[in-house]
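Written below as structure tokens is the structure these notes are about.
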Ligand code: KG4
Ligand code: ZN
């Protein structure tokens, strides 16, 4: 089985070919990612119009490169899988329309993929993980903990009621005049900072509601920054370190609850696992905290390579393969309309206050 995947839901234009042969682990034959970061940097965030235009300009070449790198001719591809949501609708239209055109011209099936499903199934591509397991997705647009029970079978156990965690990092960076994207720069500044100088709130810590909230923390950062302005490099470092400590602390509390819930609901899982995905998973302090928490609670901690944690098309091609072999391909994918909002789990009610925030909300 060989599937061509296309991803255009935010600011990465990506294409990939993934293959699965009987009795062998899956193989990523190619994975091309063009990041638009430079085009958005001057604006301090992703500008949807610029993103959509950049996808139009880049996608043909990226698909061609992915096919060429894979050594597989289009006629030997079994299906085309494309992200159809959630995300910025302009980019989704570009990716899905391109996929429809390729599939129609080549006479291949089309598979419309939920971007979050791509993140959710990546650990099966990289680590052959068995269901069920937990996924912590922490990116610029999403902050969720999802129970992954099977292909197409997901339960959202926690979500943010306001900002995504990556967004909180990006906004903190902006307030401190650090360059975009904020996460890596906040992490770097934090290394020389005193995490005890500012005591920021730990939103939701101890709450029986399992969700996340980061907007109050952001407000506290703004107040601290205003109070000590003009900011020296040391002030910035101390605010970043204190912010990161608050994030790690609140994240640890939230994840701990969910690990306990998994244990209670799936007592027979031999080695329960927590998988991380999303750009924030690159943060060393957060990673170390999660690793320790998992070890303490008897969970395997699975962090796919960074290139597969952040947005890419291999995860979309892989989700296509998973759907093909589970016979879960919608027959009318050619009629599928891109969806800017598309929850993975249609069962969980929306959380009050969770708004359309963030580039990919
Ligand atoms: O998954 P991703 O590349 O794109 C999506 O949003 O889907 O995640 C990007 C987000 C940005 O908000 C960025 O600031 C954050 O991940 N990020 C980090 C780090 N590296 C990237 N946040 C904290 N620490 C980092 N080292
Ligand atoms: Zn993503």
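Each Cβ is built from the backbone N, Cα and C atoms, and glycine gets one as well.
Going by TrEMBL, these are the annotated features:
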DOMAIN    28-318  domain 'Gcp-like'
BINDING   115, 119, 311  Fe cation binding site
BINDING   137, 138, 139, 140, 141, 170, 183, 187, 283  substrate binding site
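Recorded features from TrEMBL, shown on the structure.
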residue	record	CB count, 10 Å
115	Fe cation binding site	27
119	Fe cation binding site	30
137	substrate binding site	25
139	substrate binding site	27
141	substrate binding site	24
183	substrate binding site	25
283	substrate binding site	24
311	Fe cation binding site	30
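Those same-chain residues not listed among 115, 119, 311 yet with C-beta within 8 angstroms of the centroid of the Fe cation site C-beta atoms are 7, 9, 83, 116, 118, 139, 277, 278, 312, 315, 316. Nearest Cα neighbour of residue 183 (substrate binding site) among the listed binding-site residues (115, 119, 311): 311. Counting in whole angstrom, residue 141 (substrate binding site) lies 11 from residue 311 (Fe cation binding site) by their C-alpha atoms. Taking residue 311 (Fe cation binding site) as the reference point, the binding-site residues whose C-alpha atoms are within 10 Å of its C-alpha, out of 137, 139, 283, are 139.
Proximity to ligand 2 at the level of Cβ atoms, with a cut-off under 6 angstroms, picks out 311 from the binding-site residues 137, 183, 283, 311. In the three-state DSSP assignment, the secondary structure recorded for residue 137 (substrate binding site) is strand. Taking the C-alpha positions, the distance from residue 119 (Fe cation binding site) to residue 137 (substrate binding site) comes to 8 Å. Here the Cα atom of residue 283 (substrate binding site) is found 22 Å from that of residue 115 (Fe cation binding site).
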